[in-house]
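Trainee: Take this structure first; my questions come after.
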């Protein structure tokens, strides 16, 4: 009997396994199909017929979600795994990729970046050219009523604009104006995965119900708004980086995330519409360039003269956590500004500790209040995190509760404390966050503290039978030093796809940034938060990316002839990596000096970027040579470049020769089989500089922290006699022995006495 039962159960498991496998194989998913447009069979009159025929050959019921005509050639549709595999075998199909879900990764920053005051006018043109630049923002949409989209003083919409204002729920054509000149939404990929959009929750239109898209768009190009603040914090005049530029919003992100088929459709349309800058504060899983939809779309955009800026990601401080690392994308990390929102904690043993907060409600009594640690008053294993329902009310009522950061939303923890009867919260960082401080508009009196302060508070609670504390709030504090510091959350290098290309490219303000907000939700985005604010303060590389997008628009207005690579070069080579006292920019995650794997070329310095002296320029052919150096097959290159490319088998292609404004040398790759030998390893990099200033002679200088790698620049002097003249030089790196550490860094500078054209050099040994 027992044996029969075992046989029965085994058979049942086997049957269920086959049912599961069959179900998974028959489950439809969205795929993006890259077609070889220029080799369409003669049987078809147009590409849409061909696309439809190829699809119907594997699925009679499938329909096209999007047809792509600009950044790629092809379409997206829903297929089973078997249908996708069958389609991939057809002639004319370059690739079939399953859809990927991407995630979304101001009053002070213009002043901090030197863009305020009469002196800035001498750097940037005050002509109508500023209003001819169009920034396309791919995000959660836009809240058109924001004062940051006021079009007062702006002239007619640029004649180059081909876009439109798409209507939908809570959005009509009158929501666009001469500032917000276009708005579209793309939801077919999202709806194919999740079903029809619930319009009681989010608007099936360009309207931003979440706030992120409005924040990024107004950071990049918001109009000047006096008297801006968040509940009295960060008060002053808000403006975007390129306050005269036009904005086009492409809503590609929804409650369930940002789907690659929708992102690609947004990029495709933005290029057709005529944007000059594309800003994407989102990222997905890291993948090779030919299968990375953002990288593929960005290549096409860059080849048509469009500058593409992307956020580096919020995976720091761990190394190798970057996204959006293609060399034709400008990858932006995050730093702080010289502004903070202090909160002051006093604990019963007399110690005074500092934190941050944007709380604006009724303050706590000035007298000491009882203090408890959530981990001691909870009824669940992760009660220290103040998750929903985890706290014991009778042990929390009338007390300040210390909650550890992590898992649930920071402001949500305060509501958990409030629901349990607590009167205030101290939000303590754990190992994952270090001493980085991010301010939030909490709904109960709350101070966020770093790991060091949090540990001191928890030690005090553990050693005292009647612990007490006070919390007070200090408003807005300016002139905080040192600043900037690299944000702990900012994703770090080395580049996980191509270690020979240093990423991120640079950093920009990304912590506690004030910018426009949606009227749909409060500043915490919690359902319980009914406060209505015109501006909000949030943090992330999502905030640093649009800073660079806006600055690129300023440079485009000043130098319309510059390529996207020239603009990026100007931003990188003029950035700074040290404070005025000569010390290297700090990393808040460690309290120590940061490195080029954290900040790239450095912190952006826009007033220097407008007149860089020299630039490292790149063409589409240079990027194709780069792909050849990666040993990409013709079909892989065609997915990216959309044309037939045959790498010359008799030519040596080297990633090291890509004319990038920075240097990254993975020594273990260069050493190869000689890693343990005494034979010196010699690596040569070639670069070409283009003069964009007056005739001048530049001299090279190298500073290095390593004695194990010798650096020689030849020639050491470059003389330019005319504008746009090009000069080539070689850098030779000679390593006589295996490095003693895993990383080391150097810096190459070219200077004519007026300009400094700087490039970071990063050596790594795994």
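Glycine too: its Cβ is placed from the backbone N, Cα and C atoms.
The shown structure was predicted, so the numbers you read here are calculated from the model rather than taken from an experiment.
This is the feature table in TrEMBL:
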SIGNAL    1-23  signal peptide
DOMAIN    30-105  domain 'Inhibitor I9'
DOMAIN    131-586  domain 'Peptidase S8/S53'
ACT_SITE  139  active site, charge relay system
ACT_SITE  212  active site, charge relay system
DOMAIN    370-456  domain 'PA'
ACT_SITE  542  active site, charge relay system
DOMAIN    657-762  domain 'Subtilisin-like protease fibronectin type-III'
Trainee: Restricting to the domain 'Inhibitor I9' (30-105), report the mean pLDDT as a whole number.
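Mentor: 89, rounded to a whole number.
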Trainee: At the level of the C-alpha atoms, what whole-angstrom distance separates residue 542 (active site, charge relay system) and residue 212 (active site, charge relay system)?
Mentor: 8
Trainee: Count, for each of the active-site residues 139, 212, 542, the other C-beta atoms lying within 10 angstroms of its own C-beta, and report the residue with the smallest count.
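Mentor: Sparsest of the active-site residues 139, 212, 542 by Cβ contacts within 10 Å: 212.
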Trainee: Per DSSP, how many helix, strand and coil residues does the domain 'PA' (370-456) have?
Mentor: 26 helix, 22 strand, 39 coil
